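Visitor: I'd like to ask some things about the structure below.
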């Protein structure tokens, strides 16, 4: 980041903005040093190897199921479910490599990231980096976090932003019904109907030819494996079903930690308080860890983005303690409560929008 260096502070000048809590900032820096001393930023490569291995085994299992049992309906649906699971799990694994949390050298993380997201998923690494790094810098900050760009075109998000939208008499959608149409245009449609074409547009428009080559290798392999077994029409149908399964899995898991939380314009808060107001956890269990790729520890992930996911549980008590010291709410909830809170928050913000639209 040498190109961003414009000078050094004089010894007597403060090293943080006066609007921020200096004690909180210093305590988080101390926590960061503790994390480094505990070796929590060092990955267990065997863990990530096993994650990759179980993904590759799912890939083989899906093909073998159709090869041995034929292209009838039940084997077709079972293989689709297996491949949908593979895609979701590969999504969590590419996330690890994208965050540079597997290898000590960035170039190896980038290389394997290309393989996992490109060859195993058919998506461009540069597209994921472009969006996801912005999200981590300013989660739930309108016009800074691309993950909430569906406001206001499709959804009214956050209490304050929804009221603001109503006062301005803006109505791109019937937001008071958004908790209902979310089930139509949210989980089932995001990947098959939007991401599926946009990722190719992104790669071509930005001339990411290496990414495009990795993506094409995925589609060539998929066609080579399944055309002989179920034909062109069957392969396309199965591919779309796999994307449908993956899309539902992806949206519910990624939105359960953020959509129910505070959404507003950037308030320039401290790193700790800014991340905590926009992020919540889901209770730990072996299933929740696997199902969400450890993104049930979203708080710890946002505070330490390069930390390997198998260490989140170790730092969680220290984060809880620091939050308690400064009166910051640390939310953790059951999985299905987290899912339900997405719908409840959409319903609440939709009602706030309607009240402001009609009466303010």
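Backbone N, Cα and C atoms are what each Cβ position is placed from, and that goes for glycine too.
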Visitor: According to TrEMBL, which of these ranges is transmembrane segment: 46-67, 68-89, 90-111?
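Guide: Based on what TrEMBL states, transmembrane segment spans 46-67.
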Visitor: I need to check the long-range neighbours of the transmembrane segment (216-242): which residues 6 or more away from its ends have a CB within less than 8 Å of a CB in the stretch?
Guide: 63, 66-67, 71, 76, 79-80, 83-84, 87, 118-122, 192
